[in-house]
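What follows is a set of notes on a single structure, which appears directly below.
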Amino acid sequence: MPSWRRTLDTLINMIRLENVKDSFLTIKAKMNIIIQQEASLSDEQFGAALLGNPGTGKTTVARLYTQFLGSVKVIPGSFFSKTSGSKLANTSIAGCQKHLNKIKSNGGGALFIDKAYQLTSGNNAGGSSVLDFLLAEVENLTSKIIFILAGYNKNMESFFFHNPGIPSRFLIKLQIEDRPDRLYIHIIIQRVGRGRGREGFGNAHNMHNAFARITEHQAKQLQREQRLKKPTDDLLLTKKDLLSPDPRTVLKKNTTWDKLQALTGLRQVKQSVQALFNTVSFNYQRELEEKPMVEFSLNKVFIGNPGTGKTTVAKLYRKLLAEMGYLSNGEDNFIVKNPSDFIGNVIGGSEAATKGILASTLSKVLVINKAYMLRGTSSSSNRGTNPDIYKTAVIDTLVAEVQSVPGDDRCVLLLGYRDAMERMFQTVNEGLSRRFPLSAAFDFENFTDDDLQDILNLKLKQLGFSATAEARSVVRQCLSRARNRPNFGNAGEVDILLDKAKLRHQQRLSARKTRNIDILEPPDFDPDFDREHNAGANCRKLFHGVVGCEQLVAQLEGYQNVARNMKRLGLDSREKIPFNFLFRGPPGSGKTSTARRMGQVFYDMGILGAPEVVECSSSDLVTQYVGQTGPKTKRLLEKGLGRVLFIDEAYRLADGTFGKEAMDQLVDCLTKEKFFKRLIVILAGYDEDINHLMASNPGLTSRFSETATFKNLSPSQCWVLLRDSLGQVHQVDHAVVRQPDGQFHARILASFEHLSTLPGWGNSQDMKTISDTIIRRVFSCPLDEGQTQMVITEEIVSAVLQSTIQERQLRATATVPNLPTFPAAMPAMAGPPHTAPSFTAASGAKQQDNGSTPPDIDLDAATPTEADLNGSRDPGVSNEVWDQLQADRKQHDAQIEHDAEIINEEKALRKKLDNNSEMPDDDERRQYEELIRSLVRQMVEIKERKKKDEEAQRKLREMGVCPMGYRWIPQATGYRCAGGSHSVSSAQLGL
């Protein structure tokens, strides 16, 4: 299709503009005649004047006119340059020449001068000279550039009279008619008609309600104008009354919009709101042009952490929607609900409650806070596992009732945290994602430190308080530490700090420790605010009395110096301070006691949010079943956020399916934003075992680069520990240990040296055991009357040490009995362990089988448990395979139930046969006996079939084809595991 035809089609499809369409067709006809006459176009004037009121489409027509002339080769190009009379007058001839040069450089086109009459206005001194220049250029640039003037009818009349040369150069005059009254009526009809087809659409009633809102808006507008002493027309419904205000004018000098823009931070949210309202404004103009609207939805998802301003923005959002006319209720139109408000306590109750809430929020904003609690499954991974039918009903009703299309007189906002909301959308009705797309969600990011400082200043001003510069710095440090804790409250954390600060300030004021009535100081926000300056001394004090920790203390003091110096230079010390440690050493060498002090050390450095230490062992990370270890490990990491997580005996995670799963999860989590440099993780164990753990997972080495090596205590250190431990019991005289004889001291040190060479030496743990044994020996001695202290003697100490050495030597020479060996790791199970159904033959004396003796069948063993068959669907299993597997599974279940019925029926008949009183004659007895023999024959077949199935199940387990340990389901050609992804034919099993 030629380009000129496309341009004409665009014009023809537009509403109104009939005279403009005729003019275009006339120009095309004239062009055809000129071409047929082989005449020249160089002398033809195509300059045009577009006359009409504002908003009638003059600029649109000018663009189409330029494209049309360019497509029929009247001008060499279709470049369109727009300006106004006042702009040209202000920029003088040079500015006009700049426009013309730009058009020439783009291959030719048109210069569109809107409100051209401004060139002859007395307010623009340079207008006349520019007009004279333009008139000359119209002649000079014929067939290269066309000039299009536009303006209002009355103003343009005086413009044409200003200079006789103007009419002769703009022969084409296009009158753009005003939009007819029926246009606005048509738009109103279209808006009401968008609700057609929905449940509850009231047809004429809806139109009546729309007209009521129009007249209500008119009444408010007239009231405002009368207050301002403006002339009013009570019988006139204006465009503003009928169609609501133009969104572009609503946002100008709008206090609600200004409040939103003045909120601290929230850059992405503000951009999202701006983009939405740009779409709203664009659609408003498209309605006036009677073009299809761009689809958009007022319903939104607000995702963000606590205290990021979701509720505050929601209130401003609903007010803006009301002011722009998208909600008919402009006043009390904000309703907040929690998920519990939607959930019923009987079947059908959730649907009724949800529909009732939606009906009551028509023309309003409905906010569903913590919407993720409507997630209808308790499983974190499997969709549809343990579904909550009441919550599922709420989601299904929301999907059915909320359409999210233009014209909805309701706005629904779902508020929640990002991770929880994403999990909910993954496990509920897919329609919810279409009505509330996460891709278009308003994302509330955590406030930066500067944002929180601004929020603090604002809240202090509102409270009538102020804070010293040092106090503000302390607040910044407190908030920085608080970020590491789970569920950081953002602006809510500022409120918490201020509440505590006001309380401490009152206490200090009452105790006359301050004279500042309304000025908050550092101790008000943090009583121990100078901990970082004393961190070095505190570290030494913290490890006072701990034997053999000098090297570690020096290492920690080095970290404190790094943190202190980087902070002074305005750098973030977290980037250079290690957060993951390996504690490697023999038992009792101080790994656990050191870890318990690490929390305080890093808290004093301002790295952690709390000094607590979360202690656990490797067994706290793993579970018994597949798929549960990862989430459990993650929950433990979440518990340790902002603290120290100490994992003792971590080497046990090197082996076994579940241990490796835990380590993989740990390695993965430590690099994610949620956990990265937000907690201290310490893995502790013995030297060789920790090295084995590092070798088992390559990712551990890079993540745990810092190592603290703990060594066996020297004999002198053991002596110090024993002396200090005995000295804690004040009722015992331990002078013999506190001030020992030289020879006795040497013997004791030699005993410690000997003990440290024996297997199983526990360092400080064994020293505690020896100390306790000595105390018991002392208190077992007779106590003389009047004696107030027991005395430790050399003999008691020597005897205890000698006894300990003998016991350890005995243990060292003991041989380990031959115990049955077990596999290194249990096979992975998807559920609780199960027993395969089996038939057990009766034992005892040999019985003669005459066809009426039933085989002994264990009904409990014959009935498969739920865990036997209900394996979860493996990834990648096609629908066809899965559907066939489910059919075979049902058939298998039905066969088992049928077998059980035969066994029960045989038992009931035999019991009845044995009771002679119920048998009236021999014929009936013979019938019962024949029926029993028939059932027994079936039971023999059942036994053979079960025996064959047990053999197949045994072979399948030995083959190890299914690593999940699922039950195998018999099919036509063999067996398939309950997960669906593994199959074995009967030929492969040798059956």
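Cβ coordinates come from backbone N, Cα and C, glycine included.
TrEMBL does not curate its annotations; it predicts them automatically.
In TrEMBL, the feature coiled coil is placed on 925-952, out of the ranges 197-224, 337-364, 365-392, 925-952.
Taken together, the residues in the domain 'AAA+ ATPase' (577-714) have a mean pLDDT of 87 on the 0 to 100 scale. The DSSP breakdown of the domain 'AAA+ ATPase' (44-193) into helical (H, G, I), extended (E, B) and coil residues amounts to 82 helix, 27 strand, 41 coil. The helix, strand and coil residue counts that DSSP assigns across the domain 'AAA+ ATPase' (577-714) are 62 helix, 25 strand, 51 coil.
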